[in-house]
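Working notes, structure below.
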């Protein structure tokens, strides 16, 4: 009997790992030429970058900056900041826009929270962003591990903590109760794009489920700021973008990031369009008119880029290239 249960469980996990069927790369047209505003060169202190990379390697930690091929890696590492990725480097989903490796993840490293706390202390940073791969293989999607990391960090460091979480497969009541043990300063969950394109770019995810997660967390923990983000250039329409922003605001989200999707490799979804700077500025104005407290919009904006500024600074009419 136990053997049959084990087989069923194994098949269930395998089914989860194989829900992604990339049909999106068929009929790929010629790759779009990058416009000038996408090409950037940032002065880099390579010794500082190696210092941070070595600190991560030393404690077997990961940064989403590296794993997701973030275009801001050099700048952020050069400034001594990093977004930590917990629960390993292998994701149970295979979204065709994402560069993070997918497959069967390793067991949860119970020593990771303390190692993370020690590394943050050694780096001397005062704002921490923690994200994770999706762990559909775990009963709570990794929520308890997030809480353990928050506890360990706060025990040793005087820092603000932002968490960027997956959708936990809709186990909302369970994860809300788990987070009651330790709360972040900012709760971030990316909506990513418009609902019409979800089957194409976020197989395994659900637009309404993501909205409900954000709304439910805000209702239960009203003192915690909620945040979300979109990436553009995958075929969405202006009217759809505006509706998503309205949906997010109605769900209690007050902090917003909007950036340009950049294709990590030829094996990922191609860019349909590069959004001009003027359009990002219009999106920012629209977001503020909807009611968002803070909106960072620009080609290189990512969820955790300049996150510490967004967490406590009022909106200013800064040049969009400096965001």
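Glycine is treated like the rest: Cβ placed from N, Cα and C.
Features reported for this protein in Swiss-Prot:
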type    : residues        : note
BINDING : 65, 70, 76, 304 : [4Fe-4S] cluster 1 binding site
DOMAIN  : 77-293          : domain 'Radical SAM core'
BINDING : 91, 95, 98      : [4Fe-4S] cluster 2 binding site
May I ask for the distance between residue 91 ([4Fe-4S] cluster 2 binding site) and residue 304 ([4Fe-4S] cluster 1 binding site), taken between their Cα atoms and rounded to an integer number of Å?
19
Note down the number of other Cβ atoms within 10 Å of the Cβ of residue 91 ([4Fe-4S] cluster 2 binding site), including every protein chain shown.
24
At the Cα level, what's the spacing in Å between residue 98 ([4Fe-4S] cluster 2 binding site) and residue 304 ([4Fe-4S] cluster 1 binding site), rounded?
16
10 Å Cβ neighbour count around residue 304 ([4Fe-4S] cluster 1 binding site)?
28
Give the number of CB atoms, excluding that of residue 98 ([4Fe-4S] cluster 2 binding site) itself, located within 10 Å of its CB.
21
According to DSSP, does residue 304 ([4Fe-4S] cluster 1 binding site) fall in a helix, a strand, or coil?
coil
For a quick check of packing: other C-beta atoms within 10 Å of the C-beta of residue 95 ([4Fe-4S] cluster 2 binding site), how many?
22
Local backbone state of residue 91 ([4Fe-4S] cluster 2 binding site), from DSSP in three classes:
strand
Can you grab the distance from residue 95 ([4Fe-4S] cluster 2 binding site) over to residue 304 ([4Fe-4S] cluster 1 binding site)? Cα atoms, rounded to a whole Å.
19
